[in-house]
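J.: Mind having a look at this structure? Questions to follow.
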């Protein structure tokens, strides 16, 4: 079982600055990702609920819905979703709060695209590893549960044949 880099991952950009959101989507598409934009918190939340996005790039300051609220809502819908928070008003306090609420990273505006690409790659690899770990845990659980049953069944069959 190999680890996919998940370059086919769907990414949602949520920012009320249409120009920035569209520019980020274009950049992500140029990297080979499938990306879409939402131009506000409510629209972003609705898009996230409708589609299968692996990663969300989320602005903190939006007029219709606070980015922290959107972050909490996304995490309540899918706790495994990778959310990266953007802010032009970034403080250490807001970064720490976002991380505590489940954000993967906090990126200050203006966004440096090369750094964003590296962070995205790292975040998606972590997401892929987490999913793979979940699958392995399921396999191990199935193995641990089934081995004693097969062992008992084998002993019972051996005992039956021994008596005959």
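Using N, Cα and C of the backbone, Cβ positions are placed for all residues, glycine too.
According to TrEMBL, the domain 'Response regulatory' annotation covers 10-124. The 4-aspartylphosphate feature in TrEMBL is assigned to 59. Under the heading transmembrane segment, TrEMBL lists 139-158.
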J.: Looking only at residues six or more beyond either end of the transmembrane segment (139-158), which have a C-beta under 8 A from one in the stretch?
T.: none
J.: Report the same-chain neighbours of the residue listed as '4-aspartylphosphate': residues 6+ apart in sequence with Cβ closer than 8 Å to its Cβ, ordered by sequence.
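T.: Non-local contacts for the residue listed as '4-aspartylphosphate': 14, 15, 16, 17, 67, 85, 86, 87.
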J.: With DSSP helix as H/G/I and strand as E/B, how many residues of the domain 'Response regulatory' (10-124) fall in helix, strand and coil?
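T.: The composition, in the requested order, is 55 helix, 25 strand, 35 coil.
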J.: Determine the mean pLDDT over the domain 'Response regulatory' (10-124), rounding to the nearest whole number.
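T.: Residues in the domain 'Response regulatory' (10-124) carry a mean pLDDT of 92 in this prediction.
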